[in-house]
Amino acid sequence: NLSSRTAFLLLGFSGAYRAQVTLCLCFSLIYLVTLLGNLLIMTLVWLDTHLHSPMYFFLGHLSFLDICYSSVTLPKILQDSFSLQKTISFVGCITQIYFFLCFGGSECVLLAAMAYDRYLAICHPLRYPALMSKKMCHCLVVVSWLSGSFSSLIQSFLTAHLPFCGSNVIDHLFCEMPFLLKASCSPNAPLNKAILYSLAGTIAMGSFLLTLVSYVHIIGVVLRKGAGTQRVFTTCASHLTVVSLFFGTGAIAYLVPHSSGSKAMDEIFALLYAIMTPMLNPIIYSLRNSEVKEAIRKAL
């Protein structure tokens with residue numbers, strides 16, 4: 001039977017009113033920069049003909065995913081900044097978990113698709129236009145969305161059917177699966193946790209390994225040819241930075257046992273991969289990519 005729990009209490013950041021106001025202003029600024037930065041990338045990819053290539057097609061979809069990803073958590077965190085009772089309904093909590101995992105999983109697969117695109121462009125330049133056709137680009141984007149949606153649907157469904165007979169307190173900024181599992185009183189909690197983590201791990205680790213294999217081949221080709229090394233690594237530097245930031249902070253947050261660290265560290269890592277990464281992605285691509293900087297200059 002579905003849990004009879006009707007609402008959860010999110011502890012969030014504890015502190016004085018002045019600290020809450022400061023945090024609210026910071027989060028508002030982060031959300032504004034996230035929206036404007038990613039909307040700018042999407043607009044440039046759509047309008048500038050020089051950016052009508054597979055790499056920037058994927059970048060436009062990554063920006064859209066980042067907007068969705070941050071919108072799952074940040075508006076609720078902003079609302080809770082001034083609320084005395086930081087509550088969220090059971091349905092709202094499960095919904096937040098679904099979309100958070102959906103957009104996060106889709107971004108994992110999309111980053112792997114972007115790495116595969118760079119692999120084809122650098123390792124098979126003559127066959128690249130045929131291999132990475134417009135149809136292939138659309139297929140990879142659809143696969144990324146379906147992978148994230150299917151995985152998150154199973155995880156949120158299983159989480160929703162856990163019994164919550166004890167405390168309704170979630171000691172976190174937003175509803176996230178590990179913290180909701182801690183609040184469950186199910187005798188099969190370790191088994192449920194193993195199933196849920198294996199589903200999330202399949203998407204995350206599979207995408208990471210595909211990305212790693214793509215860059216191993218890229219580095220091998222560059223070292224073997226010994227020419228154009230700087231140009232090749234310049235085109236890959238932005239993507240590598242984004243991949244390291246997203247997978248690195250996510251791995252630390254999910255793989256490090258929560259009981260071994262402090263609440264503050266849990267919140268910091270949650271902010272890094274859930275809020276800071278979507279804001280930093282367009283900045284990284286703008287600063288490290290000459291074509292994007294040229295498109296911005298022409299637009300201005």
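Glycine is no exception: its Cβ is also placed from the backbone N, Cα and C atoms.
TrEMBL: automatically predicted annotations, no manual curation.
Note that the structure is a prediction, hence the values are computed from the model and not measured.
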**Prompt:** In TrEMBL, which of 5-26, 137-158 is tagged transmembrane segment?
**Reply:** 137-158
**Message:** Six or more residues beyond either end and a Cβ under 8 Å away: which residues meet both conditions relative to the transmembrane segment (28-47)?
**Reply:** 56-57, 59-60, 63-64, 66-67, 70, 74-75, 78, 275-276, 278-279, 281-283, 285-286, 292, 295-296, 299
**Complete:** Same-chain residues at least 6 beyond the ends of the transmembrane segment (97-116) with CB under 8 Å of its CB atoms are 55, 58-59, 61-62, 65-66, 68-69, 72-73, 140-141, 143-145, 147-149, 151-153, 155-156, 159, 174-177, 180, 200, 203-204, 206-208, 210-211, 214-215, 239, 242-243, 246-247, 250, 274
